[in-house]
Amino acid sequence: MWFQQGLSFLPIALVIWTAATFTFSYIIAVTLHHVDPALPYISDTGTVAPEKCLFGAMLNIAAFLCLATIYVRYKQVHALNPEENLIIKLNKAGLVLGILSCLGASLVANFQPSMLVHPCISRFGRLRPGGLIQVRGQPGLKTALFVVHVSGGVLTFGMGSFYMLVQTILSYLMQPKIHGKQIFWIRLLLLIWCGVSVLSMLTCSSVLYSGDFGTDIVQKLHWNPEEKGYVLHMVTTAAEWSMSFSFFGFFLTYIRDFQKISLHVEANLHGLTLYDTAPCPVINERTRLLSREF
C-alpha cells in the first residue's frame with residue numbers, strides 16, 4: 001500500500017493523531033457544555049476536566065510525532081544536498097524552528113489554565129437551564145499558567161509558520177533537480193493560507209483584547225451572539241482552526257517525499273554475555289538506524 005512505503009506513515013500518523021486530539025476534546029467539551037459548539041478556541045476544548053486530561057496526553061504524543069517528522073525531513077534534505085551552502089543553512093534553521101514549535105505544543109499540553117465548572121443552582125434548589133458557572137481558583141497561579149500556555153501557543157503557531165516558510169523556500173531551491181514544481185506550488189499555497197490565517201487572528205485578537213470589550217474575555221468559555229465583540233471572537237477562533245488545517249495540509253505534502261526513505265535498526269553486539277568476563281568474540285551486525293536510501 002502507498003502509505004506503507006518508506007516512512008510515509010509518519011506524517012500521516014501525525015495529522016490523524018493531532019486531528020483526533022482536537023476532535024475528541026471538542027466532542028467531550030461540547031457534550032458536557034463546557035464550551036459553545038460554534039468554533040471555540042482549540043485550547044478552550046482542553047481547559048476543563050475531564051477533556052483537559054485527554055487533550056494534554058494526546059497533544060504530547062502529537063508533539064513527539066511532529067518532532068520525529070521534522071527530524072526525518074531534516075535528514076532527508078541534508079542527504080540530498082550535502083554541498084549546497086544555502087540549503088544546508090536553511091535546513092538547520094528549519095530544524096531549530098521545528099523543535100521550538102514542538103516545544104510550544106508540549107507547553108500548551110502541559111500548562112493548561114485550570115477552570116472549574118459547576119452547575120448554577122437557582123434559589124429554589126433546581127438546576128437552571130444550561131446553567132454552568134465558572135469558578136476560578138488561585139488568581140496568581142491561573143495567571144502564571146495562562147502566560148506559559150499563551151507562550152506555548154505563540155511558539156507552536158509562530159515558529160511553525162516560519163518553519164513552513166523555510167521548507168517552502170527549500171522546495172523552491174530544490175526544484176527541478178530533486179523534485180518537480182508542483183510540490184513547491186502546493187506548499188506555497190498552504191503557506192499563503194497559513195499567513196492569511198495568522199494575520200486575521202493577530203488583527204482581530206489585538207482589537208478584541210484591547211480592553212474595549214471587557215477585562216474578563218481571556219477566561220471566557222461561553223459567548224452570547226448579542227454580546228459586544230462576538231464577531232471578532234468568532235473570526236479569531238475561525239482563523240485559529242484555519243491555521244491548524246493549513247499545518248495539517250503542509251505535513252501531508254511530506255508523504256510522497258517520505259516514501260523514498262527506509263528505516264533500519266543497527267545492532268552491535270560486543271560479547272556473548274552481559275557480564276564482565278574474559279574478552280569474548282565480538283559479533284558485529286550493523287545496520288543504519290536511518291539509512292540514506294532515496
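Cβ coordinates come from backbone N, Cα and C, glycine included.
Here is what TrEMBL records for this protein:
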DOMAIN    7-113  domain 'CWH43-like N-terminal'
TRANSMEM  12-34  transmembrane segment
TRANSMEM  54-72  transmembrane segment
TRANSMEM  93-111  transmembrane segment
TRANSMEM  146-173  transmembrane segment
DOMAIN    146-261  domain 'CWH43-like N-terminal'
TRANSMEM  185-210  transmembrane segment
TRANSMEM  230-255  transmembrane segment
For the transmembrane segment (146-173), sequence-distant contacts whose Cβ falls under 8 Å of one of its Cβ atoms, 6 or more beyond its ends: 43, 70, 73, 77, 84, 86-87, 90-91, 93-94, 97-98, 100-101, 103-109, 111-113, 179, 183-184, 187-188, 190-191, 194-195, 198, 218-219, 240, 243, 246-247, 250
Interface-richest range of 12-34, 185-210, 230-255 toward the transmembrane segment (54-72), CB pairs under 8 Å: 12-34
Contact set, same chain, for the transmembrane segment (12-34): CB under 8 Å, 6 or more residues outside the stretch: 3, 40, 42, 44-48, 50-52, 54-55, 58-59, 61-62, 65-66, 69, 117, 130, 132, 221, 244, 248, 251-252, 255
